[in-house]
Amino acid sequence: MIATAIQQLLNAAQLGAVYALIALGYTMVYGTIRLINFAHGDIFMLGGFVGFLLVSVIPGLPVAVMIPLAMFITAMIGVMIERVAYRKLRNAQRMSLVITALGVGIFLENLVRILVGPQARQIPAQLPNKVLKLGGGVVITEDKILVILISLALMVILWVFVNRTLIGTAMRAVADNRDAVQLMGVNLNLIIATTFAVGSALAAAGGIFFGQAYSIDPYMGIDLGWKAFIAAVIGGIGSIEGAVIGSFLLAGVEVLTVAYLSSNLKNGIAFGLLIILLLIRPNGIMGRAELKKV
Amino acid sequence: MSILEIKGLSVSYGAIKALEGIDLRIEEGEIVSLLGANGAGKTTALRAISRLLPIQGGDILFQGKSITQVPVHGVVSLGIAHVPEGRGVFPSLTVQENLKLGTWANKRKSAIPDLRQEVYRIFPRLEERKTQLAGTLSGGEQQMLALGRAMMTDCRVMLLDEPSMGLSPLFVKEVFRVIKEINATKGTTILLVEQNANMALKIAHRGYVLETGNIVLEGTSKDLAHDPRVKEAYLGHQ
Ligand SMILES: Nc1ncnc2c1ncn2[C@@H]1O[C@H](COP(=O)(O)OP(=O)(O)OP(=O)(O)O)[C@@H](O)[C@H]1O
Ligand SMILES: [Mg+2]
């Protein structure tokens, strides 16, 4: 009984880690340019495919090289998307930007489908995946633990970057006052590009972890993207801590629903949670009401 | 050579002409006030100088060199700091972080601790509140933070857009005292946009009067203060 519960919690932690890696990109982009980047789920998908391609093209590529390399390549793709599709619209109506993001997402899904076909694939196991027997009948594979630990480490690094470095400070300032940031000598394009790069790199890590545990296909970003977006909103979009909390919370609710109720109820309960939470806390768990600009 | 010279500057917002070819000249170490009623074009002039707005004609020279090709983020590293209308502090960052961003373009990293000490000496209240979010400061404190942040850039010229706006009389006096102190102790050149002509003319050496996009008067503060047109339009019945 307790053993299954622990087992379920570990499953939830793994899923939550993947959600968080995606949710952080939503929250960071929103935090700087107030855009809900609806193409972000598809960047997560691209990250999975980049990892898959690297493993297929360079057999024997160590995982410790493959993951950072895939993160870097996906980061550059994210930067390119911002440069090509979003930058010109930065001062346009919010709605134009949102529609463009949706369009970019559909474009990416179809591009990948044309290039590699619609079928699902699994990224061949790269992380060590010996089965470990923890006491009391709890069984876990090494890769699950590694996914959770690597993800947590990435989150800590991100937190330090955003909260303790000058570039991170500038990132947070962009949302407050775009003109004033530039008056400090900050190159706005560089900061926004950095935001997209970091968000895309994290999503790529998520895509690879997901693709090893389950599978990748051109449309995987839709479902996962929405879930991560919901997690970011539950946590308070724009807040890094919020994205992480929201992700683990959502994953916990989903996994427990499947385990103890029914898998049919999973999405209904997840979205219901969103609605109830937003009724109670419209700005999310960690969200603050926007400070009034004086 | 003037430290800042503006020649025939015109700026439009679409079809609306906001500046119709204005000339301004500021010598190193001066405080120069730019006076004018609402909508005269004062903010437009400052935003054009710091390259936040594209210009339709004329030239902006800093130490004799045109800066009209410099990007916005390049202006501060030349030595021009702009404290925008409404102060432009970052409300979700702490006081410390606001000041730190002021050092972004400051190439003399070794000078930063001294600059910070100087800011805290002039504005002891900022040091008391250094870990507080800027958005929770009072209007007057935010203005001080904006001035302190501009000092952190180690600038030669400060463009100040209505620093006294919306402040209580006590804070207004304090802000003008500080501007004078920065100018006197650091030799920082100051272009001061104000509607409070009375106070501005007290601390400025010279001034210009802007009316619907044109400079209509210029002179020493003393001359301007005694000019019947300035008295009538900007000094009220005092
Ligand atoms: N973004 C804008 N779009 C269109 N017109 C503008 C814009 N900003 C300013 N203007 C117009 O340009 C003119 C000059 O405005 P500006 O803000 O420079 O005046 P100001 O002297 O700073 O006034 P105030 O004392 O009220 O701050 C005004 O007629 C204003 O309506
Ligand atoms: Mg103005």
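Here the Cβ of each residue, glycine as well, is placed from N, Cα and C on the backbone.
Residues 37, 40-41, 43-44, 144, 147-148, 151-152, 154-155, 158, 162, 171-172, 175, 195-196, 198-200, 202-203, 205-206, 209-210, 213, 224-225, 227-229, 231-232, 235, 237-240, 242-244, 246-252, 254-256 of the same chain lie 6 or more positions beyond the ends of the transmembrane segment (A:12-31) yet place their CB under 8 Å from a CB of it. Summarising the annotation, TrEMBL assigns transmembrane segment to A:12-31 (among others).
Marked as transmembrane segment by TrEMBL: A:97-116 (among others).
Under the heading transmembrane segment, TrEMBL lists A:145-167 (among others).
According to TrEMBL, the feature transmembrane segment maps to A:188-210 (among others).
Here TrEMBL flags A:230-261 (among others) as transmembrane segment.
Annotation source TrEMBL lists transmembrane segment at A:268-286 (among others). Long-range contacts of the transmembrane segment (A:268-286) within the same chain, counting only residues at least 6 positions beyond its ends with a Cβ under 8 Å from a Cβ of the stretch, are 227, 230, 233-237, 239, 241-242, 245-246, 249-250, 253-254, 257, 261.
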Contacting positions for the transmembrane segment (A:97-116) when only residues 6+ beyond its ends and CB under 8 Å are counted: 35-39, 41-43, 45-46, 49, 81, 85-86, 89-90, 218-219, 221-222, 225
